[in-house]
Amino acid sequence: MSNKLAALIILDGFGLRDETVGNAVAQAKKPNFDRYWNKYPHQTLTASGEAVGLPDGQMGNSEVGHLNIGAGRIVYQSLTRVNVAIREGEFEQNETFLAAMKHVKEKGTNLHLFGLLSDGGVHSHIHHLYALLKLAKKEGVENVYIHGFLDGRDVGPQTAEKYIKELQDQIEEIGVGEIATLSGRYYSMDRDKRWDRVEKAYRAMAYGEGPKYQNPLDVVKDSYENGIYDEFVIPSVITKENGEPVATIKDNDAVIFYNFRPDRAIQISNTFTNDDFRDFDRGDKHPKNLHFVCLTHFSETVDGYVAFKPVNLDNTVGEVLSQNGLKQLRIAETEKYPHVTFFMSGGREEKFPGEERILIDSPKVATYDLKPEMSAYEVKDALVKEIEAEKHNAIILNFANPDMVGHSGKVEPTVKAIEAVDECLGEVVDAILAKGGYAIITADHGNADVLITEEGKPHTAHTTNPVPVIVTKEGVTLREGGILGDLAPTLLDLLGVEKPKEMTGSSLIQK
């Protein structure tokens, strides 16, 4: 085995900011962290927003953080992936969308767009619908019909009118599209096999059955008058002046379902695409030979084309270490064990050859502010023993405390949590240095740095503040502007391993 040793130490939820009020990171006595910060090259990293594949300004989290760290690149979450594709012009070149549009032009049939009508960004984004309308216009598709699912859950409960008006303005401006049905997500986006709900949405879309209105806004107005708000609006059909539905989904039509989150998109998709569907009677005129497009991969059961296929994360840090014959150890307590294993390996459960894992049980307490040290000392003891035994070249370690205790929004226990972690950090890093190894000390996102809101209430969420990075190697400098995706390349650099082409991050050590 190579005698090289480098460790990646993640202080979970340890963000940096200058203001000390409500900031447990600043208030804690942490002589070891401060000693390393003052002695060794250090910088800050961006751990939120587009730097970790989330929408601009969105706080990071442990899952996303560890995915980015392990992948050595920005791992785009679905919403951001589509946003970036629209911005960069790739969206309008997407072959799956273009094939659907070609299908309806060749067959002389209709294109139906359906999905959640809001900018909540949890299941869908209305801007993705607008991008599809623009693409349909550009491709010369004339018969485009929208089946809008009303939200009221990821956005305010009475906001549907705003989104319908905005959509109507876009339709007018772009010059294509017409609203055909509207239904509350309670019906169209059920995920709990309540098929009576799904059937109502299906029958409105496929058969034009349900309450009928000429003006889409009247659907909402009428519902509100009956005390029924957005999420629960009964699937309703928009009609022409003669009372006929504007459009129903028929044989040989194309559908693009623009929700990106799968769980609530699967049932309604199966209703339209699955030949063996038996959960309710779809009737004699069930639309056949649909060209059905899902924005992302919904499920193996959905028989449709996928516009944004799953991204396989090849050559994550664990795989590269393994390929180079290096021995690695992943260690954390229960709360963050999946993060240093599954998420660090890009969503892979199995170990790589040469990978060892140590799981230390988290304490059995109702909330961790009751035991701020959690299992940090046990993690430290187990790890120091491993370092002494000289069995591993690479160590990936997570101290959970700043995040898990920080979620209490209580300053005093979180200060204690950080002080416990600092004590453990000192023993671990000094043991590594004594073996001639290197440590990278960093974090995956902020949390313990903001525990009080501007109104003086407990702040229990993550933050968008930068996180520290210290590399315990003297005589080098670290570059500015780093991101979490640069940490794996830095670890490989310390071990003298070339980073693979898939890792678009780069070592923080300036050459």
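Just so it is clear, glycine is given a Cβ too, placed from its N, Cα and C backbone atoms.
What Swiss-Prot records for ASP12, SER62, ASP444, HIS445 is Mn(2+) 2 binding site, and it gives sequence analysis as the kind of evidence. The annotation phosphotyrosine is assigned in Swiss-Prot to TYR36. Per Swiss-Prot, the feature active site, phosphoserine intermediate maps to SER62. Summarising the annotation, Swiss-Prot assigns substrate binding site to HIS123, ARG153, ASP154, ARG185, ARG191, ARG261, PRO262, ASP263, ARG264, LYS336. Here Swiss-Prot flags ASP403, HIS407, HIS462 as Mn(2+) 1 binding site, drawing on sequence analysis.
Overlay of Swiss-Prot feature records on the structure.
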residue	record	DSSP (3 states)
ASP12	Mn(2+) 2 binding site	coil
TYR36	phosphotyrosine	helix
SER62	Mn(2+) 2 binding site	helix
HIS123	substrate binding site	coil
ASP154	substrate binding site	coil
PRO262	substrate binding site	coil
HIS407	Mn(2+) 1 binding site	coil
ASP444	Mn(2+) 2 binding site	coil
HIS462	Mn(2+) 1 binding site	coil
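Taking the centroid of the Cβ atoms of ASP403, HIS407, HIS462 as the Mn(2+) 1 site, the other same-chain residues with Cβ within 8 Å of it are ASP12, GLY13, ASN61, SER62, PRO402, MET404, GLY406, HIS445, ASN447, ALA448, THR460, ALA461.
In sequence order, GLY13, SER48, MET59, GLY60, ASN61, ASP403, HIS445, GLY446, ASN447 are the residues near HIS462 (Mn(2+) 1 binding site), counting only same-chain partners six or more apart with C-beta under 8 A. One way to see the shell of the Mn(2+) 2 site is to take the Cβ centroid of ASP12, SER62, ASP444, HIS445; the remaining same-chain residues with a Cβ within 8 Å of it are ILE10, GLY13, ALA47, GLY60, ASN61, GLY65, HIS66, LYS336, HIS339, ASP403, ALA443, ASN447, HIS462. Each residue contributes its Cα atom, and for SER62 (Mn(2+) 2 binding site) and ASP154 (substrate binding site) these two points are 22 Å apart. When the C-alpha distances from ARG191 (substrate binding site) to the recorded positions ASP12, TYR36, HIS407, ASP444 are tabulated, the minimum falls on HIS407. Closest by Cα distance to PRO262 (substrate binding site), from the recorded positions ASP12, TYR36, ASP444, is ASP444.
In sequence order, ILE10, ASP12, GLY13, ALA47, GLY60, SER62, GLY65, HIS66, ILE69, HIS339, VAL467, LEU484 are the residues near ASP444 (Mn(2+) 2 binding site), counting only same-chain partners six or more apart with C-beta under 8 A. Distance between Cα atoms for TYR36 (phosphotyrosine) and HIS123 (substrate binding site): 43 Å, as a whole number.
Across the structure, ARG264 (substrate binding site) and HIS407 (Mn(2+) 1 binding site) are spaced 28 Å apart at their Cα atoms. Residue pairs drawn from HIS123, ARG153, ASP154, ARG185, ARG191, ARG261, PRO262, ASP263, ARG264, LYS336, the listed substrate binders, are separated by up to 34 Å at the Cα level. Neighbour counts of Cβ atoms within 10 Å were taken for the binding-site residues ASP12, ASP154, ASP403; the minimum is at ASP154.
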